[in-house]
Amino acid sequence: MADAEVITFPKKHKKKKDRKPLQEDDVAEIQHAEEFLIKPESKVAQLDTSQWPLLLKNFDKLNVRTAHYTPLPCGSNPLKREIGDYIRTGFINLDKPSNPSSHEVVAWIRRILRVEKTGHSGTLDPKVTGCLIVCIERATRLVKSQQSAGKEYVGIVRLHNAIEGGTQLSRALETLTGALFQRPPLIAAVKRQLRVRTIYESKMIEYDPERRLGIFWVSCEAGTYIRTLCVHLGLLLGVGGQMQELRRVRSGVMSEKDHMVTMHDVLDAQWLYDNHKDESYLRRVVYPLEKLLTSHKRLVMKDSAVNAICYGAKIMLPGLLRYEDGIEVNQEIVVITTKGEAICMAIALMTTAVISTCDHGIVAKIKRVIMERDTYPRKWGLGPKASQKKMMIKQGLLDKHGKPTDNTPATWKQDYIDYSDSGKNTLVTEAVQAPQLAAEAVNVIKRKRDSESESDETPTVPQLKEKKKKKDKKPKTVLESGGETGDGDNDTTKKKKKKKVKVVEEMSE
């Protein structure tokens, strides 16, 4: 037999496709096309949520209290809401034009979008341009927090006389940092009182010595008057100065680089939707309100607890799924659903360490509810007692308010505690006071025994002391009562007679 020849063919190596980095537009399309949802699991799965949108970004880095909950087919991802709800729960990062006032601009947008309510993140003077956050309908609940957020400006100051180079101007800007006294300008909508405003950082960008113009950048507290700052700059330099031009670069979380749009963009987007039913441009112009809350610490609640919070219930620990690191007491946080919707703004009552070690208690108190009521179904009042109460109301054993009637069984009256009643907690208080009364009775018995033992040893001493005390108390009571007995009356009459005698003697003299 001839030796068999083995022929080997070279293996074809599959070429790995080079993954191109996603552009911003592609990411937006993916976020809109795909489904983003936290699924209930018994084990914690490893997720890559760095590309998840808005409040669900880096969701896997949150601390897990429990991963088990019952998902409800209610609510939706903020980016996938219906266009009507999307606009009513959104905001616009508007590039305010020069000349119209902030209120005029907001009124125009309300008319263009045909909504009932709009608000803005802080008034800009008519000549000032730049970032103006316009909140629509439900998003107006975040207006106050946006108005108090920090702001950044780029301005031009005109000096009345020339100075030697721009170093003096930059030094003067550095001195005008920190807490400063400011009085509003002559033409202002508020009372011209002295107020303290903080300037966090400022730097000079450019100075033109020929035209005596300086461009500067300022990061400051809300309510700072840049016009007043320019006047102070001129006073520091000794030449005088005034503000020539101003633009707001950042308001809160949003800056001029974060999808800023003009009034024409809003008008065109609404026209396209009205005439061609193309909502893609409206979704580019309007952004969900959750984008304003991305800098806050997050608490994730179960779906069954969402509607209770919308009705004002306390944020309790059993309804918590996940929580973020670094939560401090009295810090402003945002409470979200598993789909990334903002439920409310809250004030934390527990730190992250306390949340991780406790199994009950109030985590936070509500500051402002954002979500509409009954977006999720009611899940309270489904316990055994509540269900029994509903059945008894249907059967006529209780009235329509759940109060006992003549037909109510005696066992129900004895066992059931009505916490909503005005005379509530009677049984509870008795149950709480019972051990206290028992303890007091034991203490009284012990005291009696101690006193009896003391009386057996020295019976005469305590009796003498008691008698002395009684004797001492009698004259005190008489004096305090203001002369109830006859002796007191005699003393007063004697004093009156003496006074009369003295008066008669003086008259005779």
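Using N, Cα and C of the backbone, Cβ positions are placed for all residues, glycine too.
Within the listed segments 2-21, 402-421, Swiss-Prot records region 'Nucleolar localization' for the stretch 2-21. Scan Swiss-Prot for phosphoserine across Ser98, Ser453 and the hit is Ser453. As annotated in Swiss-Prot, phosphothreonine applies, among Thr485, Thr492, to Thr485. For the annotation phosphoserine, the record in Swiss-Prot points to Ser481 among the listed residues Ser101, Ser481. DSSP assigns Lys394 (SUMO2 cross-link) to a helix. In the domain 'PUA' (297-372), helix, strand and coil residues by DSSP number 17 helix, 31 strand, 28 coil.
Using Cα positions, the member of the recorded positions Lys191, Ser387, Lys394, Lys413 nearest to Lys39 (SUMO2 cross-link) is identified as Ser387. Spacing of Lys394 (SUMO2 cross-link) relative to Lys413 (SUMO2 cross-link) is 17 Å (Cα to Cα, whole number). Annotated pair Ser387 (phosphoserine) and Lys191 (SUMO2 cross-link), C-alpha to C-alpha distance, rounded: 58 Å. Less than 8 angstroms from the CB of Lys413 (SUMO2 cross-link) sit Pro404, each of them six or more residues away in the same chain. Secondary structure at Lys191 (SUMO2 cross-link), taken from DSSP and collapsed to helix, strand or coil, is coil. In the three-state DSSP scheme, Ser387 (phosphoserine) falls into the helix class.
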